[in-house]
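S.K.: In case it helps, Swiss-Prot gives these features for our protein:
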MOD_RES   87  N6-acetyllysine
MOD_RES   113  N6-acetyllysine
MOD_RES   141  phosphothreonine
MOTIF     2-17  motif 'SIFI-degron'
TRANSIT   1-41  transit peptide
């Protein structure tokens, strides 16, 4: 398997060489070549949407989550090119409540609105789905706080 990966990387390197080929003999692969070849060769499994959602719900449902982990998780989640599902946001809001972090809860809702971008129907749908949770936890939306007018 490692030999196959080394050959693939060598073929890729040779194809990137100029039209006259390599100007000097190719070096013999050393111990670092194995590390590089493994990085060139990736065949990981793809995560389904359900697995993705379950992973993030589990992350935010950790009973011992702290404020730093909450912010780190939200920063990572915001980095993806998607609007999180309401069940993920629900878990994140409940984590905020466990931490008594009202500001982070409101910020999460602001981020969801920002991630929805020009698709004006997404944010109202998310708020509609989260309304029971927001009422239960006593969390106001940015619009209810007047933050959308600032």
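The backbone N, Cα and C atoms fix where each Cβ goes, and this holds for glycine too.
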S.K.: Using a 10 Å cut-off on Cβ-Cβ distances across all protein chains shown, tell me which of the modified residues (87, 113) has the largest neighbour count.
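M.R.: Of the modified residues 87, 113, the most buried by Cβ count within 10 Å is 113.
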S.K.: How big is the Cα-to-Cα gap, in Å, between residue 113 (N6-acetyllysine) and the residue listed as 'phosphothreonine'?
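M.R.: The Cα atom of residue 113 (N6-acetyllysine) is 10 Å away from the Cα atom of the residue listed as 'phosphothreonine'.
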S.K.: Name the secondary structure element type, per DSSP in three states, that contains the residue listed as 'phosphothreonine'.
M.R.: coil
